[in-house]
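Here is what TrEMBL records for this protein:
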TRANSMEM  A:12-38  transmembrane segment
TRANSMEM  A:50-68  transmembrane segment
TRANSMEM  A:80-100  transmembrane segment
TRANSMEM  A:107-129  transmembrane segment
TRANSMEM  A:182-201  transmembrane segment
TRANSMEM  A:213-233  transmembrane segment
TRANSMEM  A:253-275  transmembrane segment
TRANSMEM  A:282-300  transmembrane segment
TRANSMEM  A:312-333  transmembrane segment
């Protein structure tokens, strides 16, 4: 059978196809990499070190591509990004220390899984609820994906919690893209909390940080996505370097996955300008809920000693990812075919 | 693979990260050029024109 880099053509094709799927999600939402790749590699039988290390290297490569794309569109706020990196790094360290402490008590696995399920499920419920409650497609309370990054943001588009956080004028104040003024301490605090959760749960944290940037700081969605990717680029780069030192990065996994995801990310990010965001948010919320269910199923499998539940968990994760990326593609094709919107589809 | 097995520790790790970074840049430029060349035709084909 044909082999490349010691890997069969079939497996390479599978990695490329899987990469396309993840790339669509990553390009559209700016998140969804690590929580899909690592569990899939673990179930395929790769050692934890290789699954996590290769997952991180893949997320690093994908975020480089996606950040370059968002930079071209003016959707990266570097000032916010650097402030977030500082707060997140401290939070990551504290999160890691909590995990180490819980490990000495023998409680780490269970507490992490329960927190993961509650957090993922909670955010999923919140996103779905929000999207369903403004299903009429108008912009009330929402922010369009193709907003002008340098235009001042409409006060109605800022979530209530973000308005409250912006009202604390503890110096130094910083001005973000969209004319938002917020205390640097608030940005560092949000970054610290998201970093802490990310370090505690052992995930990239895009699914925590992107909603936090929008709902807590009031950053418009496209800039929240672009800035989050900028930050993931650094954390992914450092993380993959650390794992690569102990042989945890397998290029026969990363290279084909990245080749697929770069193509998928093109499709996903192109879809952001033509797809109704609220429509997709419902699917995205459902994907998070199914992700929470998948973790719960895996944990139940570990507890009951039923290995088959690992496969059920993986099927749930892959199925939900396929459903959401399919919904993005379907909505994009529908929008292109709709004659009424034909004039607004130019790149 | 890629002849980097002989390198050790930090050097090998830096080369691995460098390979991923290089692949990402090449893919970004390559797919970008492909999108510019084929994008309009694909859009027309999907739109049924």
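Note that Cβ sites are derived from N, Cα and C of the backbone, with glycine treated the same way.
Note: TrEMBL annotation is automatic and uncurated.
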*Between the transmembrane segment (A:50-68) and the stretches A:80-100, A:213-233, A:312-333, work out which stretch tops the count of Cβ pairs under 8 Å.*
A:213-233
_Sequence-remote partners of the transmembrane segment (A:80-100) [C-beta within less than 8 Å, at least six residues beyond its ends]_ = 108, 112, 174, 176-177, 184, 187-202, 205, 209, 213, 217, 219, 223, 227, 230-231, 234-235
